[in-house]
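Participant: I am attaching a structure below and will ask some questions about it afterwards.
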Amino acid sequence: MAHYFEEPSRTFNEYLLIPGYSDKNCTPDNVSLKTPVVKFKKGEKPAITMNIPLVSAIMQSVSDDKMAVALAKEGGISFIFGSQSIESQTAMVRKVKSHKAGFVTSDSNLRPDQTLADVLALKERSGHSTIAITDDGTAEGKIQGIVTSRDYRISRMDPSTKISAFMTPFSALIYAEEGCTLSEANDMLWEHKLNALPIIDKNQRLTHFVFRKDYDSHKDNPNELLDSHKRYVVGAGVNTRDYEERIPALVEAGADVLCIDSSEGFSEWQRDTIAFVREKYGDTVKIGAGNVVDGEGFRYLAEAGADFIKIGIGGGSICITREQKGIGRGQATATIDVAAARNQYFEETGIYIPICSDGGIVYDYHMTLALAMGSDFIMLGRYFSRFDESPTNKLMVNGTYVKEYWGEGSNRARNWQRYDLGGDSKLKFEEGVDSYVPYAGSLKDNVTLSLNKVKSTMCNCGALSIPELQKTAKITLVSATSIVEGGAHDVILKNTDNNSVR
Ligand code: IMP
């Protein structure tokens, strides 16, 4: 006979947190949102942690290199979508890894034999007044000098004057050598009262500039997530089909962590994919797996060697899997069940496997609930798709700015390997929709606001860290009528603009 679960499965919307005692130390400033990303042994430190518990979904309409840099600046990780060619996915990973915080590739470059007229034309086009003068006029050429607006007087000089006649020549330049840290470069900028510091390799080739004007923006990102070489941390999605080619290419490109992207992960294909990684790289390459929605699925992937395990089937905002196939489970119930299995596994083995609740976050407080229910971090698609940094178009529809957001199982993404069950089967039906989401502005502003709410709720619960919240949270189910009570009710709203996260 089939197995029947006794309780219905439930969504985050059906729960609330009950405050616990908060002492005077319990203020949002004292809350740490640091969280492990990959498994670790009791008493040891995880190889990868994040400074905030958010990752962006493995989706075409969410996670490209631009999103990855923006999210790493705030302390989280993007998983660059895998439903593209290996070449274009690795190119995105490379872009993130070469995007050095504060180290800017020069976008205004000329040769010494060009003229003042060329300088003025370039300045007009780029809007930048610092121009690198290199032997071949490229951003990586051998540096010959620099031109800034201080080097010429338009009214007194002939536009055909050669740059070599008025540039600040290399012999008079203050520069730093490749390999210097950002703080060393900033110290030089201040010490020598410079606006721009060229960074040069041992062959006198220009590698980057560090600009004084960028100094403040780094101070603004105290949570940025960097690897041991001070590069942004980035993840990448893989599938259970072409992993033998894709994974080595992504590792080579510098991806810090991989994740098997599948709508249903309790499968032999996932085990084989993880086994490939372990055979080829041992524990040096980190790979998450999923998605599962119960303890049995968790245990299978834990034993297969997954570094973290993702939870969620059918709860995504663009997802129609439940309608199409009748599989899935309410996201809150799935998280609670998998968290219990993870804790049990930890007790038995001393190995802690982080879990990630994926999809279905609508309100900011759902994030806090997901964490309180045992999630170590949360994957979001719709949430991030609304920001400036998502890869999709911003459009005006019916007088409102929106961004496009489509599922990986939609005809638009055609990511069939995410849904495919292996063999020769090629699924032909959609499991996701193509949609609009309200445009919400910058990632930084939104993430700051959402996490301030999370921290504030944690304080109400008397928890200063995620593990503390997981241990001490008191969670209650709410009745359908009390859900109505939770919003503004029995009043006439003056402003119908809802500025919540939805
Ligand atoms: P959201 O944050 O509620 O928008 O959910 C995002 C999550 O939905 C992703 O991380 C995926 O796990 C899942 N997902 C992405 N595309 C599809 C799809 O086409 N069908 C079903 N689920 C999807």
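Every residue gets a Cβ built from N, Cα and C, even glycine.
According to TrEMBL:
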{"type": "DOMAIN", "residues": "103-163", "note": "domain 'CBS'"}
{"type": "DOMAIN", "residues": "167-225", "note": "domain 'CBS'"}
{"type": "BINDING", "residues": "D261, S262, S263, G312, I313, G314", "note": "NAD(+) binding site"}
{"type": "BINDING", "residues": "G314, G316, C319", "note": "K(+) binding site"}
Participant: For the binding-site residues I313, C319, which one has its C-beta crowded by the most other C-beta atoms within 10 angstroms?
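Facilitator: The residue with the densest Cβ neighbourhood is I313.
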Participant: Enumerate in sequence order the binding-site residues S262, I313, G314, G316, C319 whose Cβ-atom distance to ligand 1 is under 6 angstroms.
Facilitator: G316, C319
Participant: How long is the line from the C-alpha of C319 (K(+) binding site) to the C-alpha of G312 (NAD(+) binding site), rounded to the nearest angstrom?
Facilitator: 11
Participant: For NAD(+), what surrounds D261, S262, S263, G312, I313, G314 with a Cβ no more than 8 Å from their Cβ centroid?
Facilitator: E264, G265, G290, N291, K310, G316, C319, T321, D358, G359, R418
Participant: Can you check which residues sit near G316 (K(+) binding site), meaning Cβ under 8 Å from its Cβ, same chain, 6 or more apart in sequence, and list them in order?
Facilitator: D358, G359, G360, G381, R382, G407, G432
Participant: Note the Cβ centroid of G314, G316, C319, the recorded K(+) site, then list each other residue of that chain whose Cβ lies within 8 Å of it, in sequence.
Facilitator: S263, G312, I313, G315, S317, I318, I320, T321, R322, G328, G359, G360, G407, E431, G432
Participant: Using DSSP, what's the helix, strand and coil tally for the domain 'CBS' (167-225)?
Facilitator: 21 helix, 16 strand, 22 coil
Participant: Helix, strand or coil: which one is C319 (K(+) binding site) in, per DSSP?
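Facilitator: Strand, per DSSP.
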Participant: Sort out for me which one of S262, S263 has the most neighbouring CB atoms within 10 A, since those are the binding-site residues we care about.
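Facilitator: The largest 10 Å Cβ neighbour count belongs to S262.
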